[in-house]
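Engineer: One structure follows; several queries about it will come next.
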């Protein structure tokens, strides 16, 4: 791997982070303990990757299928944790000089009091700040970078980072707080391993996640893990239920979807309806019980999670499913992309696509709709391009196509507070922010629509039901639009609020 890649991204809404994050005080013993702890963790990840599915395809969050022996060779991931690698063994951090204080580091020339003043200023989160979390995978280690972005001031900088135990594949922000009912600021991370780590973003220099879902695969092969323990292979995607705040869904290379109760930190249900790796999951923006999924088995499913084993509908598409997202402004519609370069718009009430779009010449690895402007769609692909589309009236038209010079574009996500700002991550050059209205055709197409949309409410379906009868199947579900517990055992649904910050380099467009 010649340079680091961004494998996954997630936005944190304005007002969700603490104004003054907590800071963990570490001494040399703490750092050494972290190093020692990372050794078996990386070893287990390597063993999991080696055991695999007997030559089956490996999958990254980018949605790009990579043949184990051919495509993965480009990144030399087989030797990611090899004792013979240039990184000096399984310990990713053992080659680093470790000093609990800068006063002990002979290479630090900046006076500590001056540095501390700058650090304290940069640490504060302002009310108009967004955080962006990015999973970065490098040749010798992986980390989660936490950026601060302030649109008003045009500033973007790394606030802090978190060392990760394995190659990151999925990131999902949530305000579920495991301590009490007050909103928190956490991110769930999926890896090449079967576990999900949930990290507290309001704690800087944290050594361990706030809690972990699932169990890491043990070296012993005495018997397979119980289904209630979670996944048995890599976690490829994660979706948080905003209406049932303790609810989480995860997609895995073990062909299953796990529905987690984070309050109890256990699996409530393990869905085994797909016959190949499950690449993507997405909760409906208004229906707490409705979950969409996409798999390598070339199918998309929508489950009613109140009785998910019996109530679901299936659509078969032209290739392996890369990404699924719901349309905020047309709640009966969702979009699904495939490795053939196509994007499908589906209506849960019908069996045939609303429209089919040949969006790219290679796998469509990312889909993102503007959070405030109807029909503004951004797609990205392994063909190195991102494109902006207008899908108004179900008649998609290309507005602009751009090569950001990042190689394969792995992920694209729209800001929850700025409808034309998209975070983009790819094979190289780190995370970028793109203001799509910097392209004149996009500005002309959508600027007036934004002003109209600001005075309108998304088309909430309040007293209807989404009938999803699948011809030739006994699986029928009435997907009523309501905020219930979606099959989870506890009620929940609280919105976020708190405070934030700004500074440094401007975002890249």
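Even glycines carry a Cβ here, placed using N, Cα and C.
Nobody curates TrEMBL annotations by hand; they come from automatic prediction.
Owing to the predicted nature of the structure, the values given are computational and were not obtained by experimental measurement.
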Engineer: Which stretch does TrEMBL mark as region 'Disordered', out of 14-68, 69-123?
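Structural biologist: Within the set 14-68, 69-123, TrEMBL attaches region 'Disordered' to 14-68.
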Engineer: For the repeat 'WD' (271-304), how many residues does DSSP put in helix, in strand and in coil?
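Structural biologist: Counting residues per DSSP class in the repeat 'WD' (271-304), I get 0 helix, 19 strand, 15 coil.
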Engineer: Pull the DSSP breakdown for the repeat 'WD' (357-399) and write it out as helix, strand, coil residue counts.
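Structural biologist: Its residues fall into 3 helix, 22 strand, 18 coil.
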